[in-house]
Each structure stands twice: as structure tokens, then as C-alpha cells.
């Protein structure tokens, strides 16, 4: 093989390690006033659950959704009658509508269709995943017929739901957010997450790493001097380990490692496979053919897993499970651990790696912070404790809310909130980035665990005489040959004047912004000719046109959701008003005793007619329900006015007292 000097030509592309393209992020980071930015929210966009928080009045509020829950399922569903459901409502109808209930999109976003993990996962999804230019798309039957959705579109719907939850609580419109991603997400996954925010109508001011956000939640009020913190973040679908030093508000990530395809969903799947095999052995029937049965099992297995964090044995009971037969089996904690022990043990490898990368020993770690719902599993806690020679992990933060908490603090800093302290956040890129040089060699420009933002340049040259063009191929990964690493993209630098090999000087610059998004530039120092890439040309990226179309689709869905809600509200108002009148007329001690027989009959006829109309026009539009209520009020109101005048009181405003009465009656 030819010897090569630091000069030979190569190809560089955009790098895959940090994904959000944030032009001018450093300004965002600056002292923007609240008047410019407004309130910024922090969103933990999780595989299985999402959470939103806001920093105000000197503290973080984690915001509950309309069901009173502080975490919201990352589920989207399309019902047979054309309604779109997001969150709890979507997850609650999974077993009755499995093919059109979409979840786990965080495991698809930013990945190619032929990715091994995607091919593994789609075997277990009840919904259909198709190949669109080697990008996974999800098929669903919507009110407008069958639709194909990019993972970014589904994530955008979840982000919109989290924004709606915040807007309802804050009573104002929100346009800016900090969104978290796994530390081990690559550039494509980060950029796709940023795109999802754009589709949702959110300006994602910053993408921050989940374990870093959790460290902020843990250490914001810690003032005891420098400490080494290890964050062990095992969630529903991803796993990260980050080692940080915290020193009076300065959070510096020293090293990070993880697995973007390991979490509670995998533990559930192992248990499901166990019960599917057991059922086949006992009954001779394969339930995999029935999506509803599989999703019923999924629901019960998740419940059982949670219960086994405190109990040692649980029983799973499912009525009419398959072919009309019930399901009843027990699961012990020991069996659950046996089914997943290799996965549990695999979490120790990244722990070992971050310590090695930081050149620290287990005894150098001052605090272990457990984050993510899966860290409630006793065996996981035991393995972590044993690895650190019996050291107890910190119990000070809520593992479900810590990431959103940290994101909300960062959001508070960006929006100029007071009392966020002198917070300084120094994060790192998780994977080495470089370009391919002669012979398929990976020439590294930015090593993993380099503090970001960062910029690094190196001079390369041509590999052949009179070579007019060089191709810059950008890779991420730790292997010495590019074939073993991940290609992020490539671009050409053309117009190089004829010259012997090794003479032209081509400067390649890698620049990673605060979001971990990579920009690669190549410049011919002789001519000043320049080209660059920010991953836009990668086939896995959405084009600006795609994003614009998806924004319009998202707005259309929001309008449709609003119309559905208006219809439901109008129907409920009419129904509530009619039944309230019916109940009051039937009450012989109240209104029923005060009305003349003639007036009573008049109202009764009108109410019965309205109820009958409701039964036969359940799918009417909101205007029709409102008109019917106005019509009913037109009959009732003069009678009520006459009644009040006879008793010497003022008449109630049009129908309001009765409808308020109705609401009180129904409490």
C-alpha cells in the first residue's frame, strides 16, 4: 500500500453525531431577553413516554396533562371515525385498534429502512412500516384514507401534544423549546428530531443530551465543590451513560457511551416471547397472527414488569385472549430476570467504557444518578451497585421527570429567567468523526468525547496527478477503516487546477455546534474554491419541501382536531342541557312543582324531541348541535322568564343557569 502523508485526498461528508442544525445557536445561547424569546419549555421526547416542564418563579414545574398525569405516552392513533388521538387516549385504545396505533417512533427516527434494528423492530409492531427511499415510513388508515407518515411527522404530533399541555397550563402560546435526545444519538437522529420540532411549529432552540439534562436536575442546587457524577439513563427504548464533573453550576461532560436500542421495550419483548411460546406449547395456537391478542399481552406484560419492581410474583389475567379463551399465567421476578439477564448485564459495558475514557476508577465516582423508568428494576439497581463496590445510587430525583426538569432549566437560561444560577453546560460529541483517505482509512478529525461546540481543520491533498475533483466522505465511528464505520454523507470539491499528486492543499474543516450538529467544509487553498455540507443531501434527511408539506399537514390535523373537539363540546352541551331540563321537570320539589301543566308539557315535548334528534344525528356538525340548543332555548327561555317574573326575580341569561345547573347535577 502506498505510504501516505497527511496530504491525500479524501472525501468528507457531514457528520452524524449531533443532529440539530442550529444556525446562530450561539446567539440563541446569548443573553436574549424574555421579550424576544418569550417562555421556553423543556421537552423530554421519550420512546415510550414524554414529559414537559417550564422554569418560572425560580423553580421548575413539571406539567400534568389533561388526565392529570405528569408523563404522557408517546402514542398516536387514528380511529375508524377519522379522529386523531395523542397520548393517553391513543394508548388506551391500542388493543382495539392496533394497526392504526403508532408508538416507538424514536426507534425509527433518523435511521435507514435497512438498519438492522429497524428490521428487528418491525417484526413486532402491529402497524405497518414500509420502505420509502430506504427510509422507514408508517402506514395508517386515517379519516382521509390510507396515509404514509415519516417518523418525524409522528414525533411532531407528540411534540405538539406536549406544547398543548404547556400552553393549557401557562395560558399563552409557546413557540420555543429545548428538546432532549439520547447522548448516543448520531447526527441524523438529532437533525430528524429538530425537523420534528419544525413540523410541530416549534423553534427548537437547543437539543441537549438526556443524561446531561438529568445531571442538571440532580446538581443544580449542589454547591459542595467539584464532584464526579455518573448518570445511568435506562429508559423505554434507549440507554446512555455519561460521566460529568459538576462544580458550582458548571456541568462538564467528560465522556459518554450507550446503546440507542436498549430499554424497557426490549425487556417487555423477551417476556412476551416467553408467554407466546408457552401458550403455543400448552394450547397449540400461535397468537402472533392476532394483533389484538399480541397487544393485550403487551399491555399486561408492561403492567407485570412494573409490579415486579416491588412484588416477587404477579399473575397476568386476560379475558377473551385468543379464540375466545382466557389467559392466566404467573410471572416471578426471578423468571423476569432470567429472561433478561444478558440485556441487564450488557448495560455494564458502557459504564466500563466511560470510566476508561475519563481515565477514572469506580472509587473516583462521587454520585451515581439513576434516570429512566427501567432503573426501577431491582436487578438493574443491584448490578450498578455491585459494579461500584456496594455504593448506593442517589435517590434524590424522580427518574421519570429528571430529564424534562433539566431541559426546563436549560430553557429557563435561554429565555432569560432569573434564578437559573450561573449555569454553564459543556457537553461532548459521542462518536469520533472523520473522513476517508486513500485505502479506505478513517482519518479522524474530531475524537469522541470532545467538548462541543468545536472546530478542527486539517490539510489533505490529491491522490493522483492532475486530479480535478476530490470527494469528501464523512464518517462517524471508532474503527480504523471506514467500511466498519457509518457514512454520514459525501460531497465533491471541483475545479482543482492540474498539478502533480500531493501538491494541491485542500483544507477540510469539521465544525460541531452546541446541538452536536456537524458541518463539514472543504477549501482549495490555492484557488479559494469552497464547498460544504450539513447533511442535507443525505437520503435519510427530509428535504425543505418535505418539511414544509408536513408542517401544512400538521396544521391541517390540528384544525381537524379542533373541529372534532368543537363538535363533541357542542353535542355535550345540547345533551347536558336537555337532560338537565328533563331531570328538573321531573323533580316535584323544585322546577316540576313550579310550572303549569301546559308549560311543563311544552318543555317536555321540546326536550324529548331534542333527545330523539340527538340519537339520530350523533355525527352532525357543531353548528347543527348549536342550532338545536338555540331552538330548545327559544322554547324554554320565555317560560323560565315568565316563572322568574311571577316569583319576583330577574330572569337568567339565555339558558346559562339551566346549563350550569346541568353541569352541577352531573358532577
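Cβ coordinates are placed from backbone N, Cα and C, and glycine is handled just like the others.
Pulled from Swiss-Prot:
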type     : residues                              : note
SIGNAL   : 1-22                                  : signal peptide
BINDING  : 46-49, 106, 236-238, 302-309, 373-376 : ATP binding site
REGION   : 135-289                               : region 'Nucleotide-binding (NBD)'
REGION   : 409-509                               : region 'Substrate-binding (SBD)'
REGION   : 641-667                               : region 'Disordered'
COMPBIAS : 655-667                               : compositional bias 'Acidic residues'
MOTIF    : 664-667                               : motif 'Prevents secretion from ER'
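Everything Swiss-Prot records as a feature, shown here on the structure.
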residue	record	contacts (Cβ under 8 Å, 6+ apart)
46	ATP binding site	71, 74, 106, 235, 236, 237, 403
49	ATP binding site	71, 72, 73, 74, 236, 373, 400
303	ATP binding site	316
306	ATP binding site	376
309	ATP binding site	376, 377, 378
375	ATP binding site	232, 233, 234, 381, 384, 399
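Counted with DSSP, the region 'Substrate-binding (SBD)' (409-509) comes out as 9 helix, 45 strand, 47 coil. The Cβ neighbour count for residue 237 (ATP binding site), using a 10 Å radius and every protein chain shown, is 24. In the three-state DSSP classification, residue 49 (ATP binding site) falls within a strand. A coil conformation is recorded for residue 309 (ATP binding site) in the three-state DSSP classification, outside any helix or strand. When averaged over the region 'Substrate-binding (SBD)' (409-509), pLDDT in the model lands at 89.
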